[in-house]
Amino acid sequence: MSTSPDTKAQVNPPKPAANEKRSVQNETAPAASEEEARPEEQEQDFPEGGLRAWLVVLGCWLACFGSLGLASSMATIHAYVSRHQLAGRDEGSIGWIFSIWAFLSFFCGIYVGPIFDKYGPKWLIAAGGACVVASLMLLSICTEYWSFVLVFGVLNGIGGALLYTPSYATVGHWFKQRRGLATGIASTGSSFGGMVYPIILRVLFEQAGWRWGMWALGLINIFCCVCAFFFVRTRLSSTGGMSLHPDPKIFRDAAFSLATLGLFLMEFAIFIPLTYVSSYALSKGFGLGFSYQIPTILNAASVCGRILSGWWGDRFGAFNSHMLASILCCVSCLAIWLPAGSSLAGLVVFVIMFGFGSGSHMSINPVCIGKLCGIKNYGRYYATSCTVASFAGLIGVPLGGQLISAAGGDYWSAVVFSGCLYGACGVAMYAAKGMCVGWKPWVLF
């Protein structure tokens, strides 16, 4: 998206370093352009569409459906295993299974990103698909706590990182002006997975049992991963001289560091509602069928949030879109879930609002990071920010479980904690934007 000359900010050319300096003379212009003048990207001719580009989006959609769709169904899986295979264990210890998954699926990006930048997505997706499918097949025979940790937490978490990190990054190779919309469409794959998987699992749990439920998910993932392997292709040449090791010097860029802090706080907050909302409904006396279908409602709202936030971000700024999503999630937790979650109407309103806001975050995160770096380093920057955020995923779910246990099984403390984290996330992203284009809230960025 471009702005008229009289509204475009004057942007200083960045220095040829990983921590590019961005300076905008906001005193002489009321608004800033969404884009920064990076010579590397000005020389690139982004297709912005066409069959090849949209096949990449479809491949990313399928990869997200397979890997992150399972994450969007965590509440259903958590509610089942806590009452069957792992009955008798406290919420905190069960939460570690899903926290390890969240941690590894983001942490492994610290090497996945540089490998992608250097060699492309093909074999990363192949390895990730093999790990995800194998984990689901093995999950069908898990009965002990340690086996759930190793199979779901470790193996599936690593597979998820290998699948979705290069898939998201490849979309950025084909789109720039429409990157928010393209990424938003691709990210709806996880939301559709979060709608379909709980329905499949509920039916199979009741009629065929746990084993057939996991086998069904495994077969679905075989199809998704094979298609993603053939559809997701980069158009850029290999960066052969690039190191595969992490580069901590990129954190010298204050804007990137603040944006990474924002992603950390967002990941800290998001997994508490995603994991515990079905168990919360059961604790309030709602029926088993409704409680298991909450993730479906949440992910249906998430589809709208992912697409609209991408469209909004392309026109009014990715960081602006991210901050609005933070406000929505904060309000939904503190003003809806906390006082009215025990009623059916209140819980449904919360689930829809939170689904929309959290979905917006997941689609706009890569776009925000992409605005702070060149396209050749996109995989490294995005994966590094995800790696930092992974530590929030590691401690978020078990900490939420401990807060619930400390409150005698009541969820109010976990709800307040999640809402406050979302508020802090919005502040961090506003600070990151301010470092780039100044502190006027109406500036487009």
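The backbone N, Cα and C atoms fix where each Cβ goes, and this holds for glycine too.
Source: prediction; values computed, not measured.
Per TrEMBL, the features are as follows:
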type     : residues : note
REGION   : 1-45     : region 'Disordered'
COMPBIAS : 1-10     : compositional bias 'Polar residues'
DOMAIN   : 52-445   : domain 'Major facilitator superfamily (MFS) profile'
TRANSMEM : 53-81    : transmembrane segment
TRANSMEM : 93-116   : transmembrane segment
TRANSMEM : 123-141  : transmembrane segment
TRANSMEM : 147-169  : transmembrane segment
TRANSMEM : 181-200  : transmembrane segment
TRANSMEM : 212-232  : transmembrane segment
TRANSMEM : 253-272  : transmembrane segment
TRANSMEM : 292-312  : transmembrane segment
TRANSMEM : 319-338  : transmembrane segment
TRANSMEM : 344-369  : transmembrane segment
TRANSMEM : 381-399  : transmembrane segment
TRANSMEM : 411-432  : transmembrane segment
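Proximity of the transmembrane segment (147-169) to the transmembrane segment (212-232) is established through 3 or more Cβ-Cβ distances under 8 Å for residue pairs spaced 6 or more apart. Contact count against the transmembrane segment (53-81) (Cβ pairs under 8 Å) is highest for 292-312, out of 253-272, 292-312, 319-338, 344-369. Counted over residue pairs 6 or more apart, the CB atoms of the transmembrane segment (344-369) and the transmembrane segment (181-200) come under 8 Å in at least three pairs, which marks the two as touching.
In terms of C-beta pairs under 8 Å, the stretch of 181-200, 253-272, 292-312, 319-338, 381-399 lying closest in packing to the transmembrane segment (93-116) is 381-399. Here the transmembrane segment (181-200) sits against the transmembrane segment (292-312); at least 3 CB pairs are under 8 Å, leaving out pairs fewer than 6 apart in sequence. Sequence-distant contacts of the transmembrane segment (381-399), counting only residues of its own chain at least 6 positions beyond either end whose CB sits under 8 Å from a CB of the stretch, comprise 92-93, 95-96, 98-100, 102-114, 116, 165, 168-169, 246-247, 250, 256, 259-260, 263-272, 275, 365-366, 369-370, 372-373, 417.
Residues belonging to the domain 'Major facilitator superfamily (MFS) profile' (52-445) score a mean pLDDT of 87 in the model.
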